[in-house]
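Working notes, beginning with the structure itself.
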């Protein structure tokens, strides 16, 4: 138990220590200031901008920024879709893997361009090396960079005033890749290789075991994809077992690096925001609220798993476990990680829009599974995905400012900018589109016979598997309750739709809000006379409960039919 506390403390301290330097670095990159990696990144950026031509030089309005973002995503979607359909005739395919069916290729392409990485396939049997490297791994970089671009555009809109432009998407995209994601990923990949993660394009090995049977050992360019999988909060594993596989996550060191990587950029953006708007206290307040939400989620999930079998009263089981006083739930977990390493990793991955797992979420106790759902359902705002976590949290921040200001009889304002009705329309659109998407698609799936046939469990847990799939898709997480066999035409198409709506619907609202904020006057006098201090402890509490009430209550009735009912059924066994 003491070792668990030490690990947790070390993890939190590590995240806190890297937040300021990495946040400052991101600030310098996007403000065109000198950085230590200019010598490495600038040559790539020059070639990239030369190819783009004039489109990368002019500042863009919010509408132009969004149009460029969508245009790029459409091109990326077509690129990935074609490769997945034709991978059977493309090179670097020693296992002679055939092309995917159209519904599955559609789902996978949408999944990777939206930074969701939902996988209705098994990576080692359904995707060639060529497709892994040129389609999926590339999208791990660019989809994360797209989310980062949106966050940076939003931050600019708060810092700037009385102008119409929020930056240039193409320029921001290159900076995100060449200065941030690519250099850090290279370092992480090298560490992974030294830790035993394979990096090759060899054919799978056929070995004879001592029992006289043949075993196939997969190979592949795993280290390079694993690095960006975590750093870019993508989560899509090279193998079906994801980070529970010893090739993806062989040691406690790689496990720790993956967890830190998942939170690194999201945490750093809180400081980037504070530095950019000239109020670092504001950034640390966001960091603090995120951290408290994370700790609460981790504690509930861990306690639920440590005492996950206490409802069993069999004398034989009590005789075996009587010495420890409680029954921990080790089903679906790697014995080399144990309960706490598993719950810590999965709390991190479901809090961020990562979706990687080092244990089987479907085998968790109902309450622990519910916490994973809540982490996603509130909008992935507990640090969240690269960029997406920050702009999702900012929507709740705006709502808290609006509610708090009205409660004290003041005109709503944030950092000297007046918050008006149009701003709140975009804010609420961003906050409600994903929950609406989840509830509609879950309700439809619950009455579709083909979905029932895809379930391995019935009743409350079966409903939880359906609910989890659409929460994960709409909030761009990508993890799953594996009891749902997701490779059906209906699920491939509807989950793809939920991913598209959850990603680009929210991004559209965020960029439109940015376009509104950037045009406003910034009055320091307005900020000073307002009695709503947005860096105070009271305001932090207001933001905390706004997230819980607005984010949590929208999905609570569905949770009541799923994991809560599932837990009650266990308690009354």
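Cβ coordinates are placed from backbone N, Cα and C, and glycine is handled just like the others.
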Among 30-50, 93-113, 114-134, 135-155, Swiss-Prot lists transmembrane segment at 135-155
To which of the residue ranges 220-240, 283-303, 304-324 does Swiss-Prot assign the term transmembrane segment?
283-303
Looking at the stretches 177-197, 428-448, 493-513, which one shares the most CB pairs under 8 Å with the transmembrane segment (537-557)?
428-448
With pairs restricted to those 6 or more apart in sequence, evaluate whether the transmembrane segment (135-155) and the transmembrane segment (283-303) have 3+ C-beta pairs under 8 Å.
no
Using a Cβ-Cβ cut-off of under 8 Å, list the residues of the same chain that are 6+ residues beyond the ends of the transmembrane segment (66-86) and lie near it.
55, 60, 99-100, 102, 104-106, 108-110, 112-113, 127, 130-131, 134-136, 139, 142-143, 146, 149-150, 169-170, 173, 504, 507-508, 511-512
Tertiary contacts of the transmembrane segment (493-513) (same chain, 6+ residues out, Cβ under 8 Å):
62, 65-66, 69-70, 73, 103, 106-107, 110-111, 114-116, 118, 120, 150, 153-154, 157, 166, 388, 391-392, 394-395, 398, 423, 426-427, 429-430, 433-434, 437-438, 441, 444-445, 469-470, 473-476, 486
